[in-house]
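**Student:** Next up is a structure, given as structure tokens.
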Amino acid sequence: MSEPALVLNKIVVAFGALKAVDDISLTVKGGERRAVIGPNGAGKTTLFNAITGVRPPTSGRITFEGKEVTGKPAQIRARMGMSRTFQITNLFPTMTVDENMQLALRGTGRGKFSMLGSIRLTSEEHDRVSSALQMSRLGERGAVAVNELSYGEQRQLEMAMALVSNPRLLLLDEPAAGLSPAERHMVADIIRSLPHDLTMVLIEHDMELVLNLVDKVTCLNNGQMLAEGSPEDISNNQLVQDVYLGKARADA
Amino acid sequence: MMRSATALALRSPLSFLALLAVIFGLLPLLVSSYQTSVANEILIFALLAMSIDVLAGYAGRTSLGHGAIFGISTYVVIYWTTLMGGSPWVGCILGIAAATLTAAVFALLAVRVSGVYFLLLTLALGMIVWGVCLRWTSVTGGENGIRGAGRPDVIADPIAFYYMTLATVLFFTLVIWRFVHSPFGLTLRGIRDSESRMRSLGYGTATHMFLAFTITGLFAGVAGALYALFNDFVSPSTVQLAQSVEGLLMAIIGGVGTLFGSFIGAAAIILLENFVSQYTARWPMVLGLMFICTMIFAPQGVLGALRKLMGWKQ
Ligand SMILES: Nc1ncnc2c1ncn2[C@@H]1O[C@H](COP(=O)(O)OP(=O)(O)O)[C@@H](O)[C@H]1O
Ligand SMILES: [Mg+2]
């Protein structure tokens with residue numbers, strides 16, 4: 001717990017003249033659960049892309065478990081223990097749930113280069129897959145084709161795939177986006193029941209959902225840090241309330 | 001009965017290989033020696049089509065460069081045996097190595113692109129090979145090509161050579177089947193479906209594409225070496241674009257992503273080519289029409305359509 005899991009130092013991500021992420025610095029401790037909230041277009045997903053290596057930052061430094069990763073490609077960061085889900089569902093649609101899980105499982109190991117070997121899982125691998133599916137409440141759906149899953153189940157599979165590699169940092173990008181209230185409730189339950197030594201950063205548009213799930217909240221607006229603090233601090237913060245009621249722009 | 005037998009053959013590679021071994025194995029006893037040589041050609045081109053299908057059907061990358069990779073192997077085998085006086089067996093190994101190496105160079109350039117860019121890039125690379133073979137007259141004989149030195153004694157007899165081809169192609173069919181159904185093969189399908197997800201899961205997608213492309217080059221090289229022994233002659237037409245296009249069309253007509261469909265596609269195109277050329281010189285037009293008909297009536301190819309019709313699983 002002594003060493004921070006993730007340190008962002010003055011991160012800027014620019015698209016031409018637009019600074020989608022504008023000078024963000026933050027520190028996530030090992031085992032911490034952090035929420036990143038903010039209105040649509042605040043730069044939350046862009047910040048995730050910088051953290052995970054999908055789009056390296058324009059400037060700034062990213063340190064993961066004491067090692068600088070700023071310029072490292074996404075697959076190297078994944079092998080170091082970062083794992084993420086996507087806001088816009090990003091699965092392998094022509095395959096079954098099991099095949100999706102196999103790819104998720106083998107990405108960080110060496111078995112993926114086996115060219116003449118069997119695709120069957122070892123019993124240890126099989127256990128990891130079923131426990132990740134169980135955690136995501138997808139237990140019995142292994143043989144189903146992904147394009148036959150409901151939207152909600154696809155969101156659950158996103159989570160199961162991110163969990164199966166036993167990551168040390170889990171980044172969830174709006175896991176409950178587009179779900180019904182009942183399904184959102186289940187997603188909250190899933191997140192609550194994840195192992196507690198797993199460091200987690202959770203993006204969520206909806207403040208209510210996250211406030212009782214996390215230790216600390218970061219609120220972004222227009223790419224900038226608006227506020228950071230405990231869930232209570234944030235829910236009582238005037239600036240944050242203004243943003244969520246759409247008043248911030250007038251002040252800025 | 002017939003249906004379920006075919007269905008079984010598609011699910012298990014061994015029963016399909018047995019089916020192929022029986023059909024192609026008995027053929028020389030039933031047909032003329034000319035028809036046997038046509039069957040021989042079908043087997044060779046089925047292997048080329050399968051090498052293309054690995055990329056097109058599993059990795060989702062349509063290559064127009066594999067005809068050139070195939071033809072480089074043919075050139076090397078014939079150059080080695082005729083102009084260097086070397087052993088044909090060593091020639092085959094050198095030919096396959098040259099094809100694999102060429103594929104590795106193509107792969108270095110092509111791994112980062114997909115879709116139509118991949119198609120155009122592989123097309124351009126293939127055209128370069130063709131241009132070199134045409135212009136580098138001192139080595140390739142230019143437009144006149146090079147005549148081979150004949151086959152070694154053991155396979156001098158066309159029937160003996162036919163069975164050697166059959167054994168080689170069946171062996172590589174099994175290898176390719178294992179390859180696409182291996183953990184590595186699954187990563188190719190993953191790259192086709194979502195490259196960004198693959199990277200986020202820890203896969204270096206460029207490395208995977210590089211390996212896949214290079215290995216399919218080896219398969220095409222084996223076909224090219226067999227073709228050298230079969231045809232005993234090589235010229236720029238062996239590496240030209242039409243070769244790549246025909247290989248691709250064989251895979252498409254048989255059914256992209258079915259692997260075994262390549263045998264159906266190769267048979268359809270080569271039989272038709274032999275038949276049509278008795279009546280007209282407009283073979284490319286007939287080929288084009290055949291392609292259009294496939295796209296309209298069976299866009300997933302013959303085997304793909306059968307699979308859908310009977311509800312077989314992949
Ligand atoms: N690839 C891109 N090119 C140009 N602009 C982008 C790109 N991705 C995001 N943006 C812009 O960056 C801003 C932040 O987007 P995003 O990070 O998706 O916000 P959030 O996830 O908080 O809703 C938006 O204004 C968006 O239009
Ligand atoms: Mg977003």
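From the backbone N, Cα and C atoms, a Cβ is placed for every residue, glycine too.
Per TrEMBL, the feature transmembrane segment maps to B:42-59, B:64-82, B:88-109, B:116-139, B:159-180, B:201-228, B:248-272, B:284-306.
Context for these features, please: burial, neighbours, distances.
**Tutor:** Within its own chain, the transmembrane segment (B:42-59) has Cβ neighbours under 8 Å at 24, 66-67, 70, 165-166, 169, 172-173, 176, 179-180, 185, 188-189, 191-192, 209, 212-213, 215-217, 219-220, 222-224, 226-227, 230, 244, 246-248, 250-252, 254, 256-259, 261-263, 265-267, 269-271, counting only residues six or more beyond its boundaries.
Beyond the ends of the transmembrane segment (B:64-82), by six or more residues, the same chain brings 48, 51-52, 88, 90-92, 94-96, 98-99, 102-103, 106, 110, 119, 122-123, 125-127, 129-130, 133, 139-140, 146-149, 216-217, 220-225, 227-229, 231-234, 238-248 to within a C-beta distance below 8 angstroms of the stretch.
Panel annotation: around the transmembrane segment (B:284-306), residues 6, 10, 242, 246, 249, 251-258, 260-261, 264-265, 268-269, 272-273, 276, 312 of the same chain, lying at least six beyond its termini, place a Cβ under 8 Å from a Cβ of the stretch.
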**Student:** Excluding the flanking five residues on each side, which residues at least 6 beyond the ends of the transmembrane segment (B:201-228) place their CB within less than 8 Å of a CB in that stretch?
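**Tutor:** Hits for the transmembrane segment (B:201-228): 43-45, 47-48, 50-52, 54-55, 59, 61, 63, 66, 69-74, 77-78, 91-92, 95-100, 102-104, 106-108, 110-112, 148, 165, 168-169, 172, 176, 179, 184, 187-188, 190-191, 195, 234, 238, 247.
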**Student:** Are there residues at least six beyond either end of the transmembrane segment (B:248-272) with Cβ under 8 Å to its Cβ atoms? List them, or say none.
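**Tutor:** Contacts with the transmembrane segment (B:248-272): 10, 16, 20, 38, 41-43, 45-50, 52-54, 56-58, 62-64, 66, 173, 176-177, 180, 286-287, 290-291, 294, 300-305, 307, 314.
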